[in-house]
Amino acid sequence: MVNFGCVILLLLPSTLFLPTGAALEVTAPDQLTFEIGEKATLPCTFKVSSPFDMKYLAVFWLLQKEDILRYDNKGYRKPTDPRLLLKKEYVERGDISLHIDKVTVMDGGTYTCRVIYSPNHVTKDIKISVYALPTISSLEMLDQDDGSKRVVCGVTGFYPPNVTVTLLSDGKVMSFSELTQQQTNSDGTYNVTRATTLNPEEKPRRLECRVQHESLLQPLQKELNLQYEDTGDNNTVIIALIAAAVILIICVIIAVWLYLKKKGLSLNEIQGPKRWMAGETLTLYCTTSDWDPNTKVKWTILDKDGYIAKISEDPSQDKEEEQPLMARAYQMKNEKKDKKGKKGVCDLASSLTFIPTLSHLNSTVTCEVKRGKNTELKTFKPEKLYDFPWSPQLEDIDIVKPSGSRTVKLTCKIHSFFPDLPTLKWIEKKTDGQEVDVTNNNKYTISNTTSKADDHTLSCNASLSFEKSHDSEDKVEYICRVEHPCLKSPIQSRTGLLQLEDLHSFVVQNIQGPQSWVVGEKVTLYCAASYCNKDVSVLWILKEGDGTPQEVSELPPEKHGTIPSEYAAVRDKTEKSDIEDLHNITSSLSFMPSITKHRNLTLSCKLSSGGKTKEQSFHLKHLYAKPQFLEPAEFTICSPGEVQLGINLRSFYPETIDITWSCNKGKSQDTKIPEYTVNYDKTYNSKSEQRFPEDLFKDPGFRVCVSWKHESMDKQESREFSVKDFPWPPQIEDIDVVKSPSSSTVKLTCKIHSFFPDLLTVKWIEKKTDGQEVDVTNNNKYVISNTSSKADGKHTLSCNASLSFEKSHDSEDKVEYVCRVEHPCLKSPIQSRTGLLQLEGLHSFIVHNIQGPQTWVVGEKVTLYCAASNCKKDVSVLWILKEGDGTPQEVSELPPEKHETIPPAEYTAVRDKTEKSDIEELLNITSSLSFVPSITKHRNLTLSCKLSSEGKTKEKSFQLKHLHAKPQFLEPAEFTICSPGEVQLGINLRKFYPETIDITWSCNKGKSPDTKIPEYTVNYDKTCNTKSEQRFPADLFKDLDFRVNVSWKHESMDKQESREFSVKGRTDFFI
């Protein structure tokens, strides 16, 4: 996939001179359809508001998010497929259309036209569908050995694969025909055969094969007329009958022709799906023959509320008759097919495309065709509008008869339904089974109250009240019956046979407790009940977010002090009520909330007393996890001239969080939208970054503040940063002392590196043997020079600080020199010392920086080199490593005679080169260290090379930038059939380092899913494993062309790798 961020950075230097207001506008269609084999053009054009300059432009074409073609100010990049073309000569006109030569099945999918006119960029997606028209290649009747006949119809070259093939005998559909398994052609199109067997006594006169396919306006058909040999003696009679039949057929044809001429048109029944799915596009077809320019077609939709939408070719009618049924959402299309031998006359297929919504419940569709004074109508009514998932749920009926009152109140709660179309009935059921609808009975008072839940579904409390007047009512059962469009059949709740004389006011109160829960903070809920029997039992019921049910009973009193870790229910209070022998009780449930378990929690408390059960539900309003600030903050030196500050906030819920950056000097920056990732426990992480000009940080008083506020927090929190917080303090090396043999000049050089910003203070100190220190920075005897440069890659700075002087007397041998460095990132100065100088014996013994790869990959051999100049012959080399577990290793060079027989040791050091230097009797040498890296030993490695020559020792350190282990794909992939109607695909990637890896799932048809955040495990060798799983609807795999692709990219890899899966070749997809 193209890294567009990098492209924008490449164009940035040019954008410094862009005129302001260079707005970019890109135009492209949403979707197109092409026939396989034809040349296709995907239109995409752009405009800019300022004069066009090619150096600011970059154009990308992508298919399914993968780069297929690129054109920018560096020229035209060769496309991934030679059939693809972008016409370079049209680019400056704003035409960047993609041309495809000979469209194939694989060209279907979502294309992306992305235009960058720096610094603006716009993306347009175009959905491409491809098709191939079916052909009836054969229709024949074959003799079989048993005297029967085999009727075979072959259909070839169609795409997509969904096709309907029907065999007819003398106009009637032939039963028990077989459709063979589809065969795939080399071009991706399909063939299929439908066949059936005729008994010897069956002798049809006409066989017909009819094909319906989404690429056809009307069904395709082919006929086979049959003749049979005469086996009798009455030839004359048969000839006479045939002649009479011919005359009759001619008369019928003439009559039909006269009828059609008078009537003027013939309208077929409306074709289309009988079952409509809410939210899924559907198309209805209305066809008529003998159409001429005077024929008019109009579609009408009458919805359940009486609103009418009329859609026609007449623009004035469209505008005038639009009604609240979203008429603009209807697309009408008329397609004409010329009739052979009839000039100016053709067949017409009119289609109406729309997306069914709630308004289309019980609607009626009419197609009206009018020519002159003749009008014909056809109507269409769907069986049902499917498939809202919000069918009503019923709870048990509550029965309340207060003490001292004869009023009985029954209450039934209906919830979780949508839309507001429930039909409620109260039924009185006698002991003999007779049911009476009491909805309109004056003896009863009925009331319904509806409210909206947090998830926007509806709930309703349906109540039935009546006065108890005689004992016969004790033998009555009451039923609350509910109907709803989302239900296939009514649902109901029953009271059972009422024993009204024994009823008491057993009342369960609403559950009390906090409406907002915070992860990590204990929650306690309370449920109180009045007028209970002494033996009342309490059961808390929880259905957690993952669907796991939990039933929690109260702990006995003796175990209240030993509350288990997950859920604990206890009886907090039991006291006598104001009714004799009855009690009031309170039960509590305590637990620690979590996002995975409780974000979709269903919780209730069920109490049973005197053989009756009542239940109260608790609805959680808010579930929170407070954001945690991950120390330390991140600092990055960017190019050109900027410093990026970043913070990581982790493990918060819900997702939305406000992050603001500000500073105390200069203009505060516009805060960028933060990026989010999801953790395994469903909490979120966010990373926020902001850039500031690096020059601002040269002012020690400059401060940057970042603050964040989340709905889980009472008040916002913040962090403040200055240059003192930067992680780039200077590092100092040993002082190199050089005195040329032919000169009395002594030069001391101290390398200072890895610091930022450029606020370094360097002092040279002369230290006498009596301890006196003298700052020689401004002493004329000394020449001081500092050369600053920017280090490669890291953007930090380095500096060579030099002190030169002429040796004029021996007293200088008793002087030590100190290079002292100060910087805002240092808490206290750092320094390097020469030791007491012995200038008479000095030579130019110099050790160079260690050379070698900055990135190591586990399993791939690494060799590092350390070179030194002007060494004595007896120079010795020692490589020193302190491994990640703290184990020190000292590796000496192998003697020359063992170079050819290097043992299989972990580390091998050899002398690669020894040659004379330009100073007499001195040598230049190079030593190397070879080994195979591992994560456990080398992820926190400290490595240096120490050289000793003539009593002096110098050491150089090596800083490793990256340590990688490449991910290994574990064969085979995993396939699981899930419920309901899904297939889960999974892959395992193992042994990679560091942890972060990008995994993306996609498919070539339908909507690609959002890839879940993978979970990681750590191996004994500190490498990581991950398992990524993704579910897809099982129906998609019934299309043999359906493909699923999973790709992964890790920083150890040069390019991403991928695997593709389909149902082909897998016997474990479907049973």
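Glycine is no exception: its Cβ is also placed from the backbone N, Cα and C atoms.
All TrEMBL annotations are machine predictions without curation.
For 13-129, 134-225, 279-378, 392-499, 520-619, 730-838, 859-959, the entry in TrEMBL reads domain 'Ig-like'. Sequence annotations record features per position, and here TrEMBL assigns signal peptide to 1-23. Residues or ranges marked as transmembrane segment by TrEMBL: 237-260.
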Secondary structure tally of the domain 'Ig-like' (13-129) (DSSP, helix then strand then coil): 15 helix, 58 strand, 44 coil
DSSP residue counts for the domain 'Ig-like' (392-499), split into helix, strand and coil: 5 helix, 58 strand, 45 coil
Helix-strand-coil residue split for the domain 'Ig-like' (520-619), DSSP-based: 7 helix, 57 strand, 36 coil
Range from 13-129, 392-499, 730-838, 859-959 with most C-beta pairs under 8 A to the domain 'Ig-like' (520-619): 392-499
